[in-house]
Amino acid sequence: ATYKVKLVTPDGPVEFDCPDDVYILDQAEEEGHELPYSCRAGSCSSCAGKVSAGTVDQSDGNFLDDDQMADGFVLTCVAYPQSDVTIETHKEEELTG
């Protein structure tokens, strides 16, 4: 399946289609959108975003704890869309406080 991903970035919103077997960060780059990242392996917080609508599968990541995921935080480098989803990007500072 393919879902609509909306990223709310500091430069304004961008939307693109993302297959459910492609990481959101990878697809965003494929579409020409630059997002922050570092490890690309789900073990840091550089690419952190916050899901404001929809659901993702980020079971490949290990940096976020259950409380952070319950709050909506997501690591875009290891997140597959499971529905149409809206994500606010550039949330590392909010996540790490």
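A Cβ is built for glycine as well, from the same backbone N, Cα and C atoms used for every other residue.
As the structure is a computational prediction, the values presented were derived from the model and not from experiment.
Going by Swiss-Prot, these are the annotated features:
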DOMAIN    3-93  domain '2Fe-2S ferredoxin-type'
BINDING   Cys39, Cys44, Cys47, Cys77  [2Fe-2S] cluster binding site
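Locations of recorded Swiss-Prot features on the structure.
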residue : record                        : DSSP (3 states)
Cys39   : [2Fe-2S] cluster binding site : coil
Cys44   : [2Fe-2S] cluster binding site : coil
Cys77   : [2Fe-2S] cluster binding site : helix
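Minimal Cβ crowding within 10 Å, among the binding-site residues Cys39, Cys44, Cys47, Cys77, is found at Cys39.
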